[in-house]
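Features as listed in Swiss-Prot:
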| type | residues | note |
| --- | --- | --- |
| DOMAIN | 435-540 | domain 'SH2' |
| DOMAIN | 580-846 | domain 'Protein kinase 1' |
| BINDING | Leu878, Gly879, Glu880, Gly881, His882, Phe883, Gly884, Lys885, Val886, Lys905 | ATP binding site |
| MOD_RES | Tyr1031 | phosphotyrosine |
| MOD_RES | Tyr1032 | phosphotyrosine |
Amino acid sequence: MPELAVMDLGRQLCVKMKKQRKAEMTIPTAMKGLEIHFYLADTHQLEFFKACYTAEDLCVEAAKRCRISPLCHNLFALYEESQDLWYAPNHVFKVTDETSIKLHYRMRFYFTNWHGTSEIESPVWRHTLSKQKSVLNSQKTTEGTPLLDAASLDYLFAQGQYDFLRGLSPVRPTQTDEEHHEIENECLGMAVLAITHHAKSNNLPLSGAGAETSYKRFIPDSLNRTIKQRNFLTRIRISNVFKNFLNEFNSKTIQDSNIGLYDLKVKYLSTLETLTQGVGREIFKPKNLKVTGESEGSPAQMLPLGDNGMGYEVQVYGTTGISWRRKPAPNQLILKDKPKSKKIKGDKQWNDKKKDSGWTLFSDFHEITHIVIKDCCVTIYRQDNKTMELDLFYRDAALSFAALVDGYFRLTVDAHHYLCTDVAPSSVVQNLENGCHGPICTEYAIHKLRQEGNEEGTYVLRWSCTEYNFIIMTVVCIELDLCESRPVPQYKNFQIETSPQGYRLYGTDTFRPTLKELLEHLQGQLLRTDNLRFQLRRCCPPQPREISNLLVMTTDREPVPQKKTQVSQLSFDRILKEEIVQGEHLGRGTRTNIYAGILKPKSDDEDDLGGYSQEVKVVLKVLGSGHRDISLAFFETASMMRQISHKHTALLYGVCVRHQENIMVEEFVQYGPLDLFMRRQTTPLSTAWKFQVAKQLASALSYLEDKKMVHGYVCSKNILVARDGLDGEGGPFIKLSDPGIPITVLSREECVDRIPWIAPECVKDTANLTIAADKWSFGTTLWEICYNGEIPLKDKKLSEKERFYAAQCQLATPDCDELAKLMTHCMTYDPRQRLFFRAIVRDIVMVEKQNPSIQPVPMLEVDPTVFEKRFLKKIRDLGEGHFGKVELCRYDPRGDRTGELVAVKSLKPENREEQSNNLWREIHILRELYHENIVKYKGICNEEGGRSIKLIMEFLPAGSLKEYLPRNKAHINLKTLHNYSVQICQGMDYLGSRNYIHRDLAARNVLVENEGTVKIGDFGLTKSIKDNEGYYTVKDDLDSPVFWYAPECLIHCKFYRASDVWSFGVTMYELLTYCDASCSPMSVFLKLIGPTHGQMTVTRLVKVLEEGKRLPRPDDCSEQLYNLMRRCWEATPEKRIDFKSLIANFQQMLDNL
């Protein structure tokens, strides 16, 4: 080597040595406060002093600094490198004068192959509606939108470089020199990518980039140290080879293929996934690990791990979930080399070895129901109650682990749910309270509004996808389409600004302290936009497991929407009648009889097809031949149970058709129904026992919710006890049985009888049966469990039960506030506000921690039949008689004009004393009656300390037939009139079956609910008759509707059931004349008897009737129908047709129309 060159090299070495000494002598100044550092070279750290900050708030500030969008913000977290600790989003940093914390802002939640360049792993994307539609239609389309925005990709690239160089992502281990050489070349290839990216991003010339930049800055420190140990000539050769390769790469590959910065980043990061170990994975090394499972026959069993759970590690991986394995020995090769072969084949073998490296999958994120943290111990619960318990070395590590699983759950399963209250982000908690979504895109907001019915004033709240301090309110507005002359929905977006002062609608001046207060203010205003006026009416809050662009999807995890099972798709195992033996009668279900039974073993030839090797005790639910009309609904229940496979649901063996009977064959569960089991116990059941039952039930319902399946009748009598757990060994074990006959085929009376288990919306319309109905039922069942199987509302009549819902009453809840809150969240009258079953399980565990004391006897519920005078708001008079009047009122206890309309009957002041007994009698009668063709009793309202009373009834806005028929004559045909007649007869037949006679049946007292339904009203003259007498003698001197009365009523003042039949004949005459005043019964009879008044009217009327004169045949009335009317007007009561025969005759006529 020439002397000059040697001297020059010597000077360079001296300069390096001086710089190194100077760096060693430099003492950094001690930092104060809290600093957040970034990996982007041009981004200065954030500094915070004396205050309290949550990790989530700090992450928002960091995201703003790095221009990361709100959509990608939840991929990041704060990391303290010196402690190797990630902080949970709700962690509070208390910064004082003595605080010195250095944090790094890092992407924590990572999904390998997010770039989609690997042909081996499933691609990752954000969900889109087009993807959702393609799944529904089984079409193959392009995947959804990219996971990362541009700023997140830039940051991940910088973070990836930092991790690669510092060894935070160590390269995969090697065994041979050849493998080591291959790794070394790949690392130099990474340096080529990094230097090229550096040159292009800084507008430096690509040619000669290697001469200006040393490759040593872009390879791992460990490799640098290895190269330094080699001789000088080897280092020179490596440097020259690298420069030549870099120049060739830049001059040919980059320029010829038009490769940009994005391509370089993706190639760098995708290579990092295969070159290193641990990218996208976090590994925890607990002091102790337990994995347990639960079975029916025995308590929870710990899976054999050995070493008492020590020596194990747990991995959390974004694309698969949670796994565990035994720690590998220090000298054991865990992940072997990436083979030298073709790229795809090599990657496949490498990935296979990674999968085969001893990891046992515990759970994917969608299988997790909740997480519990106690000190340093974290317990993860799956839907099947299998658990993993990690005992970590300190609590911060436990919180970090829980926050990691919780974060991945929100990214892959439900963006608006948290698994653990100890690490719940405050933003998620507040969003749930406010009914606000995360930063979903406009496409999903509009899609949701369409699903909700596109009602005007319906709106969706969502955080902005681009700005951190704005909430977007997307509202449905109705606009007239001038071309088609029809109203069409339009979707308008309004910005709500958030700031330290509160919330305000963008463009206005007034801030409100909370979002809820702002919305309450806006709902009272008339809003305008683009010449449209509208009012906010209903918010559409986030729903469990909603699909949106907030969710990260892979092909393996792609959700398959559950469709309602079609009749042709009904599926269950068939059992031959010879294979079952029917035993003793166990009781009755809804339209079924229940028997004990035996399922015989099948022949040897059938064993391989699911036969039974020995006799099995079963329960037989028999739908008799008299209910063949609901056989299909019965089979639907069986098909639903056949699709369920959960250890806390009863097993359905199959269905047997025996002659004309259909039989559901279910497993026999030892201790029978839960309600009876609880009532049988002589010693009080412990709170822990009750909570275990509640958790098991909620886990089964969570499983059904994930499968988009509705049970339909959750109650304690449909929960079976398989293990009593009274000896303290493992606790109870329950199974949810089938719901029986679906409510969709039950009568209204049967549905009302199921109050308070049936959800209120299902009482209104059984078509409203959804998963939300099961949540209401669970709330009621939890009440039963708390109170040892007591029956809620057991003393209430059907009308009172219905009123309980109409008044939106609640069951009396236990003293424990948290337990009461859980029940009311399940039993809110708005189905959209009910909790996700995962949230129910989580909250049960939280309440259980408090070990609440539950008093055995519940308090009395609020009586829904008692109305408070101050909440009755009169709207108008409906009618007036001699002694009383009826008013239309709104009962509005909330004072928000949302209360129901009711008809209020009261006595006139001058008649109160003498007529109060009659009004009380009418109240007592109405309380006893419940029929779809009789006006419903709602309650009473006491005034003046009880001296005055009001009768509250349902309001029917169409009025009486006397008013309705003349008004709608053009739209009402003979068939409709026949239908009305049938309904009146059905109501009167029911009245007679309860030993009542109406005494005032007329068109004026038949009210119209809708064009297809009428109801009998005004029971002011109704009397009760004794079974052995059959009639009632009137002793008072009330004004009577004489022209509707039968002769025996006019002559002897005796009233029979047949007397009501006479009045019905007159009423039918009114219907056929459409209540024309010119030919009303009074007008016709007055023409027959001539001018008269007082008692003489009754005398002359009796004479005309005794002569056989009757009302004439109305126009368009057939002879057959008129003959039926004449049979109602037989002179002697015994000869008159009865209501049952009238119903049959009308049904026959209807069939012939």
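In case you wondered, yes, glycine gets a Cβ from its N, Cα and C as well.
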Q. Sequence gap of 6 or more, C-beta under 8 Å: which same-chain residues meet both conditions with respect to Val886 (ATP binding site)?
A. Asp877, Leu878, Gly879, Glu880, Ala903, Val904, Lys905
Q. Tell me, by DSSP, whether Glu880 (ATP binding site) is helix, strand or coil?
A. strand
**Q.** Residues of the domain 'SH2' (435-540) by DSSP state, where helix covers H, G and I
**A.** 19 helix, 47 strand, 40 coil
Q | Local backbone state of Val886 (ATP binding site), from DSSP in three classes | A | strand
**Q.** Fewest-neighbour residue among binding-site residues, criterion Cβ within 10 Å, set Leu878, Glu880, Gly884
**A.** Glu880
(Q) Within the domain 'SH2' (435-540), what mean pLDDT does the predicted structure show? (A) 90
